[in-house]
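Here it is, the structure in full.
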Amino acid sequence: MSSSAVSPKQWVAGLNSELDIPAVNRRTSIICTIGPKSNNVETLCKLRDAGMNIVRMNFSHGSYEYHQSVIDNARKASATNPLFPLAIALDTKGPEIRTGLTVGGTDYPISSGHEMIFTTDDAYAEKCNDKVMYIDYKNITKVIQPGRIIYVDDGILSFTVIEKVDDKNLKVRVNNNGKISSKKGVNLPKTDVDLPALSEKDKADLRFGVKNGVDMIFASFIRRAEDVIHIREVLGEEGKNIKIICKIENQQGVNNFDSILDVTDGIMVARGDLGIEIPASQVFVAQKMMIAKCNIAGKPVACATQMLESMTYNPRPTRAEVSDVGNAVLDGADLVMLSGETTKGSYPVEAVTYMAETARVAEASIPYGSLYQEMFGLVRRPLECATETTAVAAIGASIESDAKAIVVLSTSGNTARLCSKYRPSIPIVMVTRCPQRARQSHLNRGVYPVIYEKEPLSDWQKDVDARVAYGCQQAYKMNILKKGDKIIVLQGAVGGKGHTSIFRLTVAE
């Protein structure tokens, strides 16, 4: 029985834990954060071979010299196997609130019930102790109300605001035992803050990214649509093709999600800070909501933070972690991410291997027929975009014809993205002359980029046929196609950039 003929619950009830996973390529992309332990060509090649698609640089740490070495090593690793181009992502530090320095670098123990002062007075920036703690957000006394909670050090310390003493000082009560230390992060849940989208450091980091031709920006602590517009302005003309992926990690970002989604290229569900800003028990609800809205909009969405965290030190993940990865894929995530597992972990390659295999199992458990019908039913008609109309029709034809792949000839990557939106059960092979667009296509589930380097032929149709043939040749090497398989080809009607308006059924030769 086809998946479109049964309800979602019936489909799940029919799954088998001894599922025979077909020998298909994984469709969900994997982001790996690179740290000193993994920043070498040999390890990067191993990570790629295990399943890494995107190299992430965390600009909360490291010098420009270090990040330059990551870029250089990633490109060297990518060049060893052009069949699998690696994308490079720059993750901004973003606007943060931090405590000051303690006197002499000493840690000061504090107990539940203890009362102290939080101050924005610069005189205490390097004189924090168990009586006064400096906060570097000048407007904290203006935005926070008595009774609100302030978290410090990733939520390890919790304080309740008792009263506003004056324009620079808050009186707070300690909610749990702990210690006051230097330069710890501060979170203000349920409080709207007016921090700028980009610090001066972030702006310099973005310029570094533009100079080095990074493929995408993971923009931290995005709170409103205007933040995205500001980032685009800083990237400027030279960086206009860099994709912006907004990290949602606070209540403001969740509240303004729809307007952010309208202007961004994609979303990352950043569950670390989000789980401090909103109750941890509500994070999975926010995750499902954001993934669903991204799927409906046809924009890529990544799920991140603590996915296989135990593998930082252990050779095998916990069962809960594996379920977390699998369920993120079932929710509809286009990408899943590793952080400490690959920056400092003892088992980085094993972590990627587990993540890749779990994603493949989850993908094999999806009722593609009913999913396509559901996505098609959610589209507002008539479709305003000719390319999307063609993509929808092509996927429908692929189902009826039992085609084995969709070959997309693309300049911008937009057609492949729109095909991915409808979650076809077969791979999308994107053939493009633009290496950056090829690398960026890793943002979309089920898209396999092929870089075609030959110059255009004067005869448009001959050039089309040459690109299709090359795409099929590369698909053979990726074990996506066999000669004689039916394929759907999507192309434009004329040369150059424009709408994709033609699809045809043919045979891979």
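The backbone N, Cα and C atoms fix where each Cβ goes, and this holds for glycine too.
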Pick from Ser63, Ser111, Ser441, Ser501: which one does Swiss-Prot list as phosphoserine?
Ser63
So one of Ser78, Ser310, Ser412 should carry the feature phosphoserine according to Swiss-Prot; which one?
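In Swiss-Prot, Ser412 carries the phosphoserine label; others show none in the record.
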Can you tell me which of these residues Swiss-Prot lists as phosphoserine: Ser17, Ser29, Ser401, Ser410?
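Looking at Swiss-Prot, the phosphoserine feature maps to Ser29.
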What whole-number Å value do you get for the CA-CA distance of Glu249 (Mg(2+) binding site) and Asp91 (K(+) binding site)?
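So the Cα of Asp91 (K(+) binding site) lies 13 Å away from that of Glu249 (Mg(2+) binding site).
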Give the residue from the recorded positions His61, Arg98, Lys184, Lys247 that has the most other Cβ atoms within 10 Å of its Cβ, counting over every protein chain displayed.
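The residue with the most neighbouring Cβ atoms within 10 Å is Lys247.
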Give me the non-local Cβ neighbours of Ser29 (phosphoserine): same chain, 6+ apart in sequence, Cβ-Cβ under 8 Å, ordered along the sequence.
Asn53, Ile54, Asp334, Leu335, Val336, His442, Leu443, Arg445
Going by C-alpha positions, which of the recorded positions (Ser63, Thr92, Lys184) is nearest Arg56 (substrate binding site)?
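Smallest Cα separation from Arg56 (substrate binding site) among Ser63, Thr92, Lys184: Thr92.
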Measuring CA to CA, name the entry from the binding-site residues Asn58, Ser60, Lys184 that ends up nearest Ser281 (phosphoserine).
Lys184
Which residues in the same chain, at least 6 apart in sequence, have a Cβ under 8 Å from the Cβ of Thr305 (substrate binding site)?
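Correct list: Ala270, Arg271, Gly272, Gly275, Met337, Ser339.
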